[in-house]
Amino acid sequence: MLPQLSIERASVFALGLIATGSLVVAGPCDIYSAGGTPCVAAHSTTRALYSSYSGPLYQVKRGSDGATADIAPLSAGGVANAAAQDSFCDGTTCLITIIYDQSGRGNHLTQAPPGGFSGPESNGYDNLASAIGAPVTLNGQKAYGVFISPGTGYRNNAASGTATGDAPEGMYAVLDGTHYNDACCFDYGNAETSSRDTGNGHMEAIYFGDNTIWGTGSGSGPWIMADLENGLFSGSSPDNNSGDPSISYRFLTAVVKGKQNQWAIRGANAASGSLSTFYNGARPSVSGYNPMSKEGAIILGIGGDNSNGAQGTFYEGVMTSGYPSDATENSVQANIVAAKYATASLTSGPKLTVGSSISLQATTPGYTTRYIAHSGSTVNTQVVSSSSSTTLKQQASWTVRTGLANSDCFSFESRDTPGSFLRHYNFVLQLSANDGTKQFHEDATFCPQAGLNGQGNSIRSWNYPTRYFRHYNNVLYAASNGGVHTFDATSSFNNDVSWVISTGFA
């Protein structure tokens with residue numbers, strides 16, 4: 001039991017509403033420290049989590065020359081300097097290479113290595129996240145979160161000070177409650193140091209998604225659960241806790257904490273309101289979880305064995321030494337609400353108009369007579385002009401629709417095959433009939449930005465924001481600026497992904 005003084009100190013930190021700039025004086029980790037459970041890992045690409053922190057939040061690497069830059073808060077305790085990233089990455093692509101630990105323990109997160117499962121990058125590593133996939137504002141100031149696509153993950157297998165064995169710990173994360181899937185496993189927290197499944201109870205991490213292979217909550221999900229290894233748990237039962245609700249706030253606070261034969265799940269709208277407790281009780285009723293056998297590595301976006309099929313968005317999170325009180329966590333939630341997370345535009349460059357017919361012209365020298373078209377389900381570039389046949393003009397024309405998965409972006413419906421849309425499948429663009437599934441909608445949603453070569457637009461995949469419409473050998477792909485596929489070649493990338501959009505031929 002925390003002394004009343006500690007609880008009051010934690011509350012005063014968060015609720016005193018003494019402000020500098022846009023954020024209250026105390027950060028989440030100041031509040032945890034006041035409550036007697038200090039942060040041993042503190043990760044955020046959006047803001048400082050200590051009032052005095054002015055060091056780097058994250059590192060980006062740009063595609064044009066491989067140079068890196070650290071992005072720090074605008075001021076101590078403040079919001080990230082997104083303008084510094086925008087300037088550094090102007091006219092090229094950028095990836096998030098390091099998410100720095102603000103606790104001083106050096107528990108930085110970097111590209112996850114292979115483990116029980118291999119990632120899609122060379123040598124089995126996971127992908128790195130786009131630096132622009134998750135723009136937000138905090139108190140009106142722009143920042144970027146970490147948009148985790150399937151195959152993307154970060155890890156630290158040599159963390160310092162994190163809980164091991166049955167030692168107590170707490171953790172929270174601010175996530176996008178609308179970005180998830182049912183694959184394993186979008187986690188943040190404590191995992192195995194070997195990147196392999198070493199048995200029941202060897203993890204304690206926040207999970208978010210609608211996976212139903214192990215435990216579930218009420219409704220159809222998504223749920224906040226705990227990945228304790230060899231199971232996603234919503235409570236003491238390995239199967240179901242009806243008290244763990246489906247929850248999908250755009251900004252979501254997720255909390256998991258555990259100590260000897262006790263653990264809890266809590267959650268809230270990160271933009272307003274207070275935390276609710278969805279489970280508080282004994283460890284799971286099956287063997288291997290009492291006592292726990294935590295190993296102390298840190299993961300983001302993946303499972304403990306590097307299962308990397310999940311997706312989600314991470315804005316900030318911490319891990320603590322000791323089991324935080326509800327009062328401390330309530331004060332942290334008040335701080336998160338005071339940060340005023342809000343959405344920001346996913347698009348830039350020349351505007352598109354929903355309902356209009358467009359054609360997309362290549363800008364690569366030597367290919368400027370070619371437009372995005374289709375031959376059946378194959379999407380390619382073809383030479384099109386005002387004197388082309390009506391059939392070809394229709395094949396090279398697309399109706400702009402509101403994004404099927406995100407209304408801030410767009411989907412492109414065929415003019416000559418109504419009901420069929422451009423979508424990527426295995427990163428090859430194809431024309432397919434809308435089957436109404438969540439997966440189709442996500443694969444068929446694209447976000448235009450100012451063209452990387454200074455002309456027109458580059459068309460970015462919403463669910464894989466490192467990937468863009470690219471023509472390669474006159475076939476269309478969702479390509480990244482460097483990668484394992486031949487169509488990811490860096491040569492001519494900026495030209496190949498830039499398109500001049502005009503009124504449709506048909």
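Placed from the backbone N, Cα and C atoms, the Cβ positions cover glycine too.
Some features that Swiss-Prot has for this protein:
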- 1-26: signal peptide (SIGNAL)
- 27-343: region 'Catalytic' (REGION)
- CYS29-CYS39: disulfide bond (DISULFID)
- CYS89-CYS94: disulfide bond (DISULFID)
- CYS184, CYS185: site 'Cis-peptide bond' (SITE)
- CYS184-CYS185: disulfide bond (DISULFID)
- ASP227, ASN230, GLY304, HIS424, ASN426, PHE427, ASP443, HIS471, LEU476, ASP496: substrate binding site (BINDING)
- GLU229: active site, nucleophile (ACT_SITE)
- ASN240: N-linked glycosylation site (CARBOHYD)
- ASP305: active site, proton donor (ACT_SITE)
- 344-506: region 'ABD' (REGION)
- CYS409-CYS447: disulfide bond (DISULFID)
Top Cα neighbour of ASN426 (substrate binding site) in the set of recorded positions CYS39, CYS184, ASN240: CYS184
Recorded substrate site residues ASP227, ASN230, GLY304, HIS424, ASN426, PHE427, ASP443, HIS471, LEU476, ASP496, farthest C-alpha pair in Å: 44
Inter-residue C-alpha distance, CYS409 (disulfide bond) and ASP227 (substrate binding site) (nearest angstrom): 33
Pairwise CA distance, the residue listed as 'N-linked glycosylation site' versus ASP227 (substrate binding site), rounded so that it is a whole Å: 14
Distance [Cα-Cα, Å, rounded] between CYS185 (site 'Cis-peptide bond') and ASP227 (substrate binding site): 8
Among ASP227, GLU229, ASP305, ASP443, the one of these recorded positions whose Cβ has the fewest neighbouring Cβ atoms within 10 Å: ASP305
Recorded positions compared (CYS29, CYS94, CYS184, CYS447, LEU476) - highest count of Cβ atoms within 10 Å: CYS94
Recorded positions clustered about ASP443 (substrate binding site) [Cα within 10 Å; pool: CYS29, CYS89, CYS94, GLU229, ASP305]: none
Distance from CYS184 (site 'Cis-peptide bond') back to CYS447 (disulfide bond), taken between C-alpha atoms, in Å: 26
